[in-house]
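K.L.:
Input: one structure, supplied below.
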Amino acid sequence: MDAPIRRKKNTRRPARKSAPTPGRRKTPGIFRSRLRPLDAWLLHHLHVLVFSLGQLSRTPFPTLMTAAVIGIALALPSGLYLLLDNARQLSQSWDDTVRISVFLNIDVSDVQAQQLATKLQQRSEIQQVQVISRAKALAEYQQLSGFSEALETLDGNPLPAVLVVQPQLNPELGASQNSQVLLALLQALPEVDIAQFDMRWLKRLLAIMEIIHRSVLVLAALLGLAVLLITGNTIRLSIQNRRQEIEINKLFGATDAFIRRPFLYAGLWYGLFGAVIAWSLVQLAFALLQNPVQKLSVLYQSHYQLSVFSYQDVFLLLATGVVLGLAGAWLAVSRHLQEIQPR
């Protein structure tokens, strides 16, 4: 009889399951497939951004010249805008000093004038009322006019009491419209002989400021177009200098987006550098003007100081430079890249 076949025992030990590492979780495949292309895309754009900056640093003088021209083009409208903003702030301070002179009838006494001032002070459209008595008005007139001896020969005081009314300005209407409405109201009072104020100079100033404002907008549009042309021409020359490199890349299957990317980032750097130069030029110009303006304001018993760029203005200037640089580069690349084909 055949001997029974003995089965060998399985001496292999079952593999131990590795304990999960604390703090680590397995990322599902769907998220890994999304994160990896995104990371690669971001790394590629960062690489191209640094690469384009390195390309510009190899030619520092032409890069600086181009950025300086862009900076001057951006500095002109930026500086004019800042001057216009300072003039607008100054005109608002003048609005606060608007006064209406109310000359009362000659038969109105000082007591009646004070009662009328108290009554007017309660109105919401009036901020403050100052009473100039008949005696005080005569004293001021004698001091300012130089006819003190002639006035002393008169039997009585020929001057009436005067109310100096400061309107409560409504920002939606402005100083002129506020004063016109209040002027008609005061003129209708029975105690009032004449109510007057002179706002022609302020109207002329506001009209001139509106003309300057529109001129600044037109100038900004023209200089923005100039920035587009400067950036586009610079990128066009860069494309022509790298024509063989572009042909080789297209021969190996590079897409237009891949080739376009370094030139777009070069336009971004041009616009950013130009905006920084524009900010520096405007800051320097206003620093030189600050001391003379302060001395002039002291002569007029004022504490006015020039205001410079705020953080929002600086961000807007930098963003404008970047957008114009990208737009100029995009126009140049889109036009000239199609003309280059591998032979």
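Cβ coordinates come from backbone N, Cα and C, glycine included.
So TrEMBL lists the following for this protein:
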- 1-29: region 'Disordered' (REGION)
- 1-16: compositional bias 'Basic residues' (COMPBIAS)
- 64-84: transmembrane segment (TRANSMEM)
- 98-192: domain 'FtsX extracellular' (DOMAIN)
- 211-235: transmembrane segment (TRANSMEM)
- 218-335: domain 'ABC3 transporter permease C-terminal' (DOMAIN)
- 268-289: transmembrane segment (TRANSMEM)
- 309-333: transmembrane segment (TRANSMEM)
K.L.:
Hey, which bits of the same chain come close to the transmembrane segment (268-289), Cβ under 8 Å, at least six residues off its ends?
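P.N.:
For the transmembrane segment (268-289), the far contacts come to 49, 52-53, 56, 63, 66-75, 78-79, 82, 227, 231, 234, 306, 308-309, 314, 317-318, 320-326, 328-329.
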K.L.:
Please compute the mean pLDDT of the model over the domain 'ABC3 transporter permease C-terminal' (218-335).
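P.N.:
Mean model confidence (pLDDT) across the domain 'ABC3 transporter permease C-terminal' (218-335) is 88.
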K.L.:
Please list the DSSP helix, strand and coil residue counts for the domain 'ABC3 transporter permease C-terminal' (218-335).
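P.N.:
Counting residues by DSSP class gives 102 helix, 0 strand, 16 coil.
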K.L.:
For the transmembrane segment (211-235), find every same-chain residue at least 6 residues outside the stretch whose CB is under 8 Å from a CB in it, and list them.
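P.N.:
Distant contacts of the transmembrane segment (211-235): 66, 69-70, 73-74, 76-77, 80-81, 84, 87, 263, 266-267, 270-271, 274, 320-321, 324-325, 327-329, 331-333.
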